Amino acid sequence: MHKALRPVLTAGVLAGLLAGCATTAPAHDGAPTAAAAAITPPGTAIASAHSLATEAGLEMIRRGGNAFDAAVAVSSTLSVVEPISSGLGGGGFFLLHDADSGRDVFIDARETAPASATPEAYLDADGGLDRDRATNGPWSAGIPGLPAALVHLAREYGELPLSTSLAPAIRIAREGFPVYERLERGYARRSAVMERYRGTREVFLADGDPPQVGETLRQPDLARTLELIAAQGFDGFYRGDVGQALIASVAEEGGRWTVDDLAGYEVRLREPIGFDYRGWHVVTAPPPSSGGVALAQMLQILGGWDLAAMEEPDRIHLVVEAMRRAYRDRTIYLGDPDFVDMPLALLTDPAYAAGLRATIHPDRATPSDLLSGQPVPLEDDETTHFSIIDGEGNRVSATQTVNLLYGSGLVAPGTGVLLNNEMDDFALKPGTPNAFGVMGFAANAVEPGKRMLSSMTPTFIESDDKVAILGAPGGSRIITEVLVGILGFDAGLDAQQVAALPRYHHQWLPDVISAEAGALSPSTVKTLEAMGHTVNAGEDTWGNLQAVAWDKRSGELSGGTDPRNPVGEAAVLPESTTNP
Ligand code: DON
């Protein structure tokens with residue numbers, strides 16, 4: 001099953017690599033000193049995209065739990081209150097720092113392709129990509145990973161039983177929560193697909209009409225499924241009544257999942273990617289996320305310059321050129337490490353980054369290999385990130401998703417579980433862009449049991465002075481959102497300022513700089529265009545970054561929640577208020 005993937009180096013990259021060998025590595029050594037690592041934060045900070053989830057996490061700390069118990073509570077509550085973004089029917093990545101051992105661990109709870117998922121299954125009669133199958137209903141769904149992650153987190157790292165850490169989610173699912181604007185708007189965009197399915201209608205049209213702001217959304221079946229997980233762990237979701245109901249529902253809608261697909265699901269523990277950037281040590285997501293590799297490339301390219309000393313157009317030009325190069329490598333090389341051999345050591349090597357840096361012209365855009373027309377319309381209200389640090393110094397950076405708005409739109413009747421549409425993250429038809437306009441080839445081709453490539457990039461950064469934890473939704477734009485966030489922390493901004501930073505993005509193809517309104521000044525846009533860039537300034541906002549930070553010198557804990565999302569909350573709980 002394992003496919004050897006040979007690195008494809010273009011002449012230009014190779015020349016750059018060689019040139020890079022002669023240049024020096026980034027100027028700073030980022031490893032924080034042992035003395036700085038020994039102290040602990042004065043409490044807990046949690047930032048998430050919904051205040052009910054942040055509060056659920058704080059409740060676990062008050063009950064004597066740690067950051068990992070809080071993560072179970074936040075994750076499961078987000079699964080209830082943000083069905084638009086993530087849920088038990090989806091997957092996610094959990095980056096942990098265990099203060100006792102000092103170890104960083106990456107829990108990969110990405111969905112897997114069911115046995116029925118062959119490339120042919122996603123082609124239409126003319127051999128084109130069947131976009132309906134790729135993004136709607138049973139064929140678009142991978143085998144969920146999030147429930148297995150919750151069970152693993154609680155068992156291996158938590159101090160509280162699942163019955164405690166899942167209690168807020170169970171309560172909110174049963175009693176309901178107030179519908180907010182993003183939920184109503186997302187439902188309106190997705191209703192035609194969602195209302196195809198009996199189980200989905202039972203949840204979202206329970207009162208006869210679509211969810212509206214101010215109404216209470218109750219999900220009693222989801223509460224029952226959560227209770228089964230609390231009582232039976234893995235088997236409560238992947239075997240027994242819930243497992244059978246998922247298989248039956250997929251079959252009822254024309255898809256095919258097996259008992260083995262579900263019972264055989266396993267989280268994978270992976271070594272995070274680590275590298276240094278200007279005095280920061282960055283710990284981030286390895287494959288099957290593309291985020292860490294891309295971040296390592298971009299920041300190590302940029303580490304060769306003093307960005308702060310530059311005029312805005314020059315700075316943006318260089319950051320965009322770094323983005324362009326990292327996204328090209330993402331497209332060609334990256335996939336599920338259990339299925340493909342990737343040249344990871346090379347791709348994340350400072351010498352490789354130096355080589356890429358040498359290929360960047362200081363004031364001319366490098367045209368991407370192919371020019372395509374317009375950027376793809378952005379789906380931006382899905383996926384969710386949360387960041388936690390507790391009083392012992394444990395850290396969690398977690399991004400979880402059902403992929404596009406309300407995932408596949410399919411709720412398995414009787415379970416409350418809305419299935420993801422993560423299969424679209426595979427290169428279902430090699431070379432054909434997915435919903436985020438990114439494409440892939442052999443490394444990310446679909447195969448039974450394989451994990452689809454992701455952009456989710458839960459990240460820690462640490463210097464002698466500071467720890468920051470951040471991440472975001474935004475599809476292929478997640479990685480550049482995290483990059484802009486790290487550059488913000490490096491420039492001295494606090495967590496709230498970082499969450500609010502205006503965003504810009506380039507993903508190799510299409511060969512366009514996308515920018516939120518106000519992110520680039522008109523004169524910067526003009527200069528970038530004169531350098532040969534195509535700039536789409538004034539796009540709608542995107543993303544939903546959640547960050548916490550701990551200043552090791554002053555002891556200050558802080559959080560930042562994205563102002564683009566009014567229902568998020570960043571909160572700090574001082575140590576003295578916990579009650580173990
Ligand atoms: O894993 C990924 O990269 C995507 N499924 C994430 C989707 C996402 O962020 C949607 N967001 N706005």
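The backbone N, Cα and C atoms fix where each Cβ goes, and this holds for glycine too.
Together with R110, T401, V402, N403, S454, S455, G475, the L-glutamate site in TrEMBL holds one more listed residue from D130, D132, D425, which is D425.
With respect to ligand 1, the binding-site residues R110, V402, S454, G475 contribute S454, G475 as residues with a C-beta closer than 6 angstroms to one of its atoms, given in sequence order.
As a summary of secondary structure, the region 'Disordered' (553-580) carries 3 helix, 11 strand, 14 coil according to DSSP.
Sequence-distant contacts of S455 (L-glutamate binding site), defined as residues of its own chain at least six apart whose C-beta falls under 8 angstroms from its C-beta, comprise S289, S290, G291, F436, V438, G474, G475, S476, R477, I478, I479. In the three-state DSSP scheme, T401 (L-glutamate binding site) falls into the strand class. Residues G91, T383, N420, E422, M452, M456 surround the recorded L-glutamate site, their Cβ atoms falling within 8 Å of the Cβ centroid of R110, T401, V402, N403, D425, S454, S455, G475, which are themselves excluded.
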